[in-house]
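This structure is in structure tokens; I'll ask about it shortly.
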Amino acid sequence: MIDRYKHQQLRIGSVSPQQIRAWANKTLPNGEIIGEVTKPYTFHYKTNKPEKDGLFCERIFGPIKSGICACGNYRVIGDEKEDPKFCEQCGVEFVDSRIRRYQMGYIKLACPVTHVWYLKRLPSYIANLLDKPLKEFEGLVYCDFSFARPIAKKPTFLRLRGSFESEIQSRKYSIPLFFTTQGFDTFRNREISTGASAIREQLADPDLRIITDHSLVEWKELGEEGSTGNEWEDRKIGRRKDFLVRRIELAKHFIRTNVEPERMVLCLLPVLPPELRPIIQIDGGKLMSSDINELYRRVIYRNNTLTDPLTTSTSTPGESVMCQEKLVQEAVDTLLDNGIRGQPMRDGHNKVYKSFSDVIEGKEGRFRETLLGKRVDYSGRSVIVVGPSLSLHRCGLPREIAIELFQTFVIRGLIRQHVASNIGIAKSKIREKEPIVWEILQEVMQGHPVLLNRAPTLHRLGIQAFQPILVEGRAICLHPLVRKGFNADFDGDQMAVHVPLSLEAQAEARLLMFSHMNLLSPTIGDPISVPTQDMLIGLYVLTIGNRRGICANRYNPWNRGNSQNERVNDTNYMYTKKEPYFCSSSDALGAYRQKRINLDSPLWLRWRLDQRVIASREVPIEVQYESLGTYHEIYGHYLIVRSIKKEILCIYIRTTVGHISFYREIEEAIQGFCRAYS
């Protein structure tokens, strides 16, 4: 077996019978070797204990309870002073019960059986390696016909094979009837070969290097012939060349991995550990078993039925033996791959049995679901939608998901606040969705970040941390700027949410994984949280303003004698029918909320003197003088009021409400960023 502390990789391949025995065999103190499963039984119906030498035998697979044998005796696990290591009465080893997750057994087959993956899967490795049609091998494996051995010294009727092929074909079903079991074995071993044993002999005979050389020579000869002028023949030659290439690659693979081709025929059938094919007791005392157990039982029944006449009986007809070998082959095929290129086997409720191939392949198979990816607790999954009102570091969790993810924390809060006396009452309050539950949930979520992950996670920005808040609905809300880091779109994409439990995980999420801490691409350093699509359109509409410019209106805002453009004086702003003046951005936004001005209407906003906006070489468009000596220099986008001594009294900039809103958002973001790092 593979040591999990030393090996970081896994290779899957065919196994020799010696290795299968080494995995399963154990030697008892009395010298008895155990490991072979010989009985098709599981548990005794009275004692509810595993049957000896059955599919759940404690001698073969280990004890059900750690350190307790089948007799009920107890030994301390790992104590070298405790002796013996095996129970003298039942032969069960005193070890941890977890051994039943990896301790294997085996079934000794009465006849060789081809592995259905290598025979019926396309392309068929056996047919490719031996360069014969697949139908011939299927007929040979399932005992539909036999072939003569070339080394027969005392032929009986097969010497007539060349001349009387049709006659022999008509008698192939009647000839075995004249032989008893012993006589048929002698006849078959001497002159004919059938079943998987015939395949095994053919796989063991040829040299792989000779196969490679002959195939390469034939491929070169076909390539030198060129086109024949017949399209059908050319296609046939092309298919033959492709087949030879596959055959060469297959032979080289066997040579490179040092695997013997005859391993594609099974003599020993491994039995999975019991914990991987469990029998579970459900409500009402009923038992629910894995389908693989039933398929193993079927194999053992048929194998024992074949073993009995081969070892004891001397009068069983040879036809019966061949028929039973076919049944064993079909039982093993069903165990390994039920329904491969045929009708699957079903139970009494017309349900298809789940074979070993069904357990390991597909999205819900052992590899993709359990080994390559695992389902974990404290996690959920839902569709993502835009949350435009969210902060960059926040995400919206639906109430249904949040109460499940933080249920244990809510239960602890209910018990601490003496709202519930135990876990059962707390869960009932959560099911009833009482108001106190949502209050405690919000308190828990305030100090607990969550991790959002979108598959495939190709770089570190594929999983980021957020501060969750409760939202209505069933979708996860996200700030649109974090979309690019996840490579997500709001068109039905789904994301997984995880809750970091340990303090170390929470600290890592806060310091390294928060979305506002990952604004730059880790590969090239460019900003990755940049506005796109509708965000750019919104910013464009917000800041486009009125493009007429200041020269489009020759109105003098400081001329109080102009009766057509009256000004309304107020403590905070001066408003005209043309372009109003405001002392602060808050006054301008207040006027917009009161619908006195539009989003893109030009206005004059008083600016701070410490923030200079004057270009060094810019010349004013117009200069206006007042009677008190002050004058106004009007530029394209700002206005300066100066005293008689040319001192700047105040500055007004020409802007819009959209520009003011955009500026305030950026200013608040920068101030918040500075406070976070101060």
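Glycine is no exception: its Cβ is also placed from the backbone N, Cα and C atoms.
This is the feature table in Swiss-Prot:
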type    : residues                   : note
BINDING : Cys69, Cys71, Cys87, Cys90 : Zn(2+) binding site
BINDING : Asp489, Asp491, Asp493     : Mg(2+) binding site
If one measures from the C-alpha of Cys69 (Zn(2+) binding site) to the C-alpha of Asp491 (Mg(2+) binding site), what distance in angstrom results, rounded to a whole number?
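Checking the Cα atoms of Cys69 (Zn(2+) binding site) and Asp491 (Mg(2+) binding site) gives a distance of 59 Å.
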Using the centroid of the Cβ atoms of Asp489, Asp491, Asp493 as reference, list every other same-chain residue with Cβ within 8 Å of it (recorded Mg(2+) site), in sequence order.
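The surrounding set, listed in chain order, is Ile384, Ala488, Phe490, Gly492.
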Out of the binding-site residues Asp489, Asp491, Asp493, give me the one sitting nearest to Cys71 (Zn(2+) binding site) by CA distance.
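Nearest in space to Cys71 (Zn(2+) binding site), counting only the binding-site residues, is Asp493.
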Looking at Cβ-Cβ distances, which residues of the chain lie under 8 angstroms from Asp491 (Mg(2+) binding site) while being 6 or more apart from it?
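Those within reach of Asp491 (Mg(2+) binding site), by Cβ under 8 Å and sequence separation of 6 or more, number none.
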List the same-chain residues at least 6 positions away in sequence whose Cβ sits under 8 Å from the Cβ of Asp493 (Mg(2+) binding site), in sequence order, or say none.
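For Asp493 (Mg(2+) binding site), the qualifying residues are Val383, Ile384, Arg454.
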Neighbour count first, Cβ atoms within 10 Å, every protein chain included; then name which of Cys71, Cys87 tops the list of binding-site residues.
Cys87
Mind checking which of Cys69, Cys90 has the fewest other CB atoms within 10 A of its CB? They're the binding-site residues.
Cys90
If I take the alpha carbons of Cys90 (Zn(2+) binding site) and Asp489 (Mg(2+) binding site), what is the distance between them in whole Å?
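Roughly 63 Å, rounded to the nearest whole number.
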Report, in whole Å, the straight Cα-to-Cα distance of Asp489 (Mg(2+) binding site) from Cys87 (Zn(2+) binding site).
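Checking the Cα atoms of Cys87 (Zn(2+) binding site) and Asp489 (Mg(2+) binding site) gives a distance of 63 Å.
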Could you name the residues, excluding Cys69, Cys71, Cys87, Cys90, of the same chain that surround the Zn(2+) site, i.e. Cβ within 8 Å of the Cβ centre of those residues, in sequence order?
Ala70, Gly72, Asn73, Glu88, Gln89, Gly91, Val92
Specify the count of other C-beta atoms within 10 Å of the C-beta of Asp489 (Mg(2+) binding site).
10
Which of the three DSSP-derived classes (helix, strand, coil) applies to Asp491 (Mg(2+) binding site)?
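Its secondary structure by DSSP: coil.
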